[in-house]
Amino acid sequence: MSNETNCTLDFEQSVELFKEYNLFITAFLLFLTIILQYGYATRSKFIYILKMIVLWCFWPLNIAVGVISCIYPPNTGGLVAAIILTVFACLSFVGYWIQSIRLFKRCRSWWSFNPESNAVGSILLTNGQQCNFAIESVPMVLSPIIKNGVLYCEGQWLAKCEPDHLPKDIFVCTPDRRNIYRMVQKYIGDQSGNKKRFATFVYAKQSVDTGELESVATGGSSLYT
């Protein structure tokens, strides 16, 4: 007689288990839905940060589940598949950290560890403020605006400033490149003639190099002074 215990659940046990934990499952799925649907930097920074934390947790969770699958494979084919998937998850996770650290060394912004993209925009205002923002890709044109004394770029709130605080050049950094954008057009004022209420600027991609933001100087001052 075998002493092994059958740990599989039949249909009735599965139904009872679901009934017991359905409230937790509902709350968890609702949490994920809200995070994934409303987690954008242009909507709510708080929810967006929660979304980033959830995405960060997925990779270690995938690796842990993959290791468990390797330890307790259903059969030989399942073991091979589990090993392949676990190795892929580990390589992807390591690759993410390598690229994020390279980007952080280039722009010194915590947005470098954003799992949704590998690019960070940087604006050094002439008053000494440094504004970094998440950006999904490297565009050909950037159009920051100032509305009621607040600077926005890519729909994200950055800082309070005046129109004359915008620099001649702004940057978008990737792990291996620094993209330089030069101001080609600006409009300051509105129909009421109040120049402090609204201003829009157009920056076109000017050049690409491999420098870091630390090498940029504006008016003789380092970016980080």
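Note: Cβ is positioned from N, Cα and C throughout, glycine not excepted.
Under the topological domain names given by Swiss-Prot, R43 lies on the same membrane side as F171. Within the chain, the transmembrane segment (78-98) has long-range Cβ neighbours (under 8 A, six or more residues past its boundaries) at 59-60, 62-63, 66-67, 69-70, 115.
For the topological domain 'Virion surface' (73-77), DSSP puts the residue distribution at 2 helix, 0 strand, 3 coil.
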